[in-house]
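Trainee: Mind looking over this structure? Questions follow.
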Amino acid sequence: MSDEKIRQIAFYGKGGIGKSTTSQNTIAAMAEMGQRIMIVGCDPKADSTRLMLHSKAQTTILHLAAERGAVEDLELEEVLLTGFRDVRCVESGGPEPGVGCAGRGIITAINFLEENGAYEDLDFVSYDVLGDVVCGGFAMPIREGKAQEIYIVTSGEMMAMYAANNIARGVLKYAHSGGVRLGGLICNSRKVDRELELIETLAKRLNTQMLHFVPRDNIVQHAELRRMTVNEYAPDSNQANEYRVLAQKIIDNKNLAIPTPITMDELEDLLVEFGILGGEEEYQKAISQDQGKQLTTV
């Protein structure tokens, strides 16, 4: 299969939003449907493949390269492992905290994989990328035109939406030069009031779609404790079917758009409209009450 036919997608999202869990469960469902997939973990935590491999954390390309002296000293079989439903699994890794650029591992890993034929005979390559910041390194799959479809995992919480808007801004920056497009928002529910409606509204403001609303279910945590995807742990569960629906939506998705990020003021107005944030009047009232309490305790 030629590289042109491979769909290269990327999951971005705020740290802690459940991005890696959502992406692995979705990839597992896609693999069940016969799709040939490789996951390239681009998060320094190296947790993008552990549910597929039933392991704590896969040894990363950058870690092995540091041990050997150079990435050229590695063999593909050492870093490319096969997981659930024959999904290929790679973790790029990153430097020690406080030293160097974590994005460097992504650049090194992708170049190594391409040069060693890892992209052959695939339908999808999925990049799992840290998305609190879209700096040069973490934007590499977007900037270099590797990932063509971006899926943002978010929720109805303010910081998750803030990160989603920032990621959309990063996609816009490279949309014309690299051809990258936003495939949609995936709402990983936190049971925020009016969450479905809120994320649908945000998606429209960003000129995209809410691709799927993933309900909150403790079975996800039960599967994670066993280092398994829900599709493997409880294949007949409602949650496994939710991931299958999401997987099919990604496979069928043709709605790839150039995003229209909003300003911070517009995002705050949206949160006020949906009752996530208080308006200026409520803010001033709360501040006055706090000041009153402080005066009475002095």
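Here the Cβ of each residue, glycine as well, is placed from N, Cα and C on the backbone.
Pasting the feature list from Swiss-Prot:
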BINDING   Gly13, Lys14, Gly15, Gly16, Ile17, Gly18, Lys19, Ser20  ATP binding site
BINDING   Cys101, Cys135  [4Fe-4S] cluster binding site
MOD_RES   Arg104  ADP-ribosylarginine
Trainee: Would you identify which of the binding-site residues Lys14, Lys19 has the most other C-beta atoms lying within 10 angstroms of its C-beta?
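Mentor: Output for this query is Lys19.
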Trainee: List, in sequence order, the same-chain residues at least six positions removed whose CB sits under 8 Å from that of Gly13 (ATP binding site)?
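Mentor: The list for Gly13 (ATP binding site) reads Lys19, Thr22, Gly131, Ile152, Val153, Thr154, Ala160, Ala163, Ala164, Ile167, Asn188, given in order along the sequence.
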Trainee: Three-state secondary structure of Gly15 (ATP binding site) from DSSP?
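Mentor: Coil, per DSSP.
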Trainee: Which residues of the same chain, at least 6 positions away in sequence, have a Cβ lying under 8 Å from the Cβ of Ser20 (ATP binding site)?
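Mentor: Result: Phe11, Gly41, Asp43, Lys45, Asp47, Ser48, Asp128.
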Trainee: Which is it, of Gly15, Gly16, Gly18: the one of these binding-site residues whose Cβ has the most other Cβ atoms within 10 Å?
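Mentor: Of the binding-site residues Gly15, Gly16, Gly18, the most buried by Cβ count within 10 Å is Gly18.
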Trainee: My understanding is the cutoff is Cβ-Cβ under 8 Å with a sequence separation of 6 or more in the same chain; which residues meet that for Ile17 (ATP binding site)?
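Mentor: Expected: Val153, Thr154, Ser155, Ala160, Ala163, Asn188.
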